[in-house]
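The transmembrane segment feature in TrEMBL is assigned to 71-89, 110-126, 156-182, 202-227, 303-323, 329-348, 396-417, 429-449, 455-476.
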């Protein structure tokens, strides 16, 4: 099992045995509690069920403890909490326009969407093979999206506020929620040309949204504010000393930046532009796990990543405000916010790509243009998760599961938009097909070479850099689509 298995076992033990005042100070294990308070309370609730399976898993000092009962409980808890995800998918399917539906149920947009979400390859391997509770959390997110699409704004806002206090990574898409609620709920009408009718501003609606946010935040952070521990909680949630990149580079802009720095270093050493004695050994043979100074290019600070992220998000937010497209525009903004944060964020996890893939699934069954972008992003993003499953027995499992999901995604969306032109052009198709030889090299050829001992990071580097190209392309293509899209007549009337 993965390190995340031990992470959550440790959190069960911490919340079960220690008083609230020690939850965010306990450091017996290196896997300290670094999720918001609602998730801590979630672990606390699970721990009172876990004690009936194996009390030893709740002993803080039992580091890396594993038993059959422990594995069964933790795996089953993920499956059980996925009930919320299933319900959220059902609600999202109710929001999909069914006018394109064929006679066969398997060609209906709602059926295809349900399959793309419930059978999502990335979510399956991250939660049920690797180990996390993302299905439960994405259930909250999808349910909040469904409520906003159904114009049940207060429910949607409350669900998203709760979600933020379960896992703070969802703050990446908070700008989309904030602007959409302000534009669609706090201002209740548009002019005939689509511009905002300022006199329609509702102070009551703003007050209600503010009360929801304050109430949820008070329930979550209130006890720690009373204890004077809010700075400690914040320091755990945002550990900037972990470095620019995760254990292996997430396929984003910084993966390309790091690769360029390594390439320039090699060239500099080859032609004696650099002094070998001044270059850290890890810069050439290892991943960037902790704080790291680049060799040639300027080193990146947390502030620099924040500025880059905000700048990359702003155009999508402006489009949501000035070119409102209703729920579809909201979903586009969510995906762009998620992708922008993934591209430029600090210490981004490779699994964060799911934050863009799942909402984009809702768009993929509505328009051929979005379906094409979805196929590029989901294929590349899912392939980038392969290094999470690195043991030999897992190799055929991950390949078979991804093949099944990818084949279904392409065939179902092609069938849905069979009257449209091809979803991918020839260059996009060639790029995706090149993932096959890349996987063969990383999994079969490279382990047989002497480079495995001297340059063990090469397969991860190649995977991250190649996938970063595809994800960057999908991000730019979606952005161009949104920026060049005219305001619909229907939306102007609304």
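Keep in mind that glycine also has a Cβ here, set from the backbone N, Cα and C atoms.
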Any chance the transmembrane segment (156-182) and the transmembrane segment (303-323) have 3 or more Cβ pairs under 8 A, given the pairs are 6 or more apart in sequence?
-> yes
Chain residues in Cβ proximity to the transmembrane segment (303-323) (below 8 Å; excluding those fewer than six residues from its ends, i.e. six or more beyond) | 175-176, 179-180, 183, 194, 244, 253-254, 329-330, 332-333, 336-337, 340-341, 343-346, 479, 482-483, 485-487
Using a Cβ cut-off of under 8 Å, list the residues of the same chain at least 6 residues beyond the transmembrane segment (110-126) that approach it.
-> 85-86, 89-90, 92-94, 96, 98, 101, 132, 134-135, 138, 142, 351, 353-354, 357-358, 361-362, 364-365, 378, 381-382, 385, 388-389, 398, 401-402, 405-406, 408-409, 412-413, 416
Range from 71-89, 202-227, 455-476 with the greatest count of C-beta pairs under 8 A to the transmembrane segment (429-449) = 455-476
Same-chain residues at least 6 beyond the ends of the transmembrane segment (455-476) with a Cβ under 8 Å from one of its Cβ atoms are 248-253, 255-256, 259, 262, 285-287, 336, 339-340, 342-343, 350, 353, 373, 376-377, 379-381, 383-384, 386-387, 428, 431-432, 434-435, 438, 441-443, 446
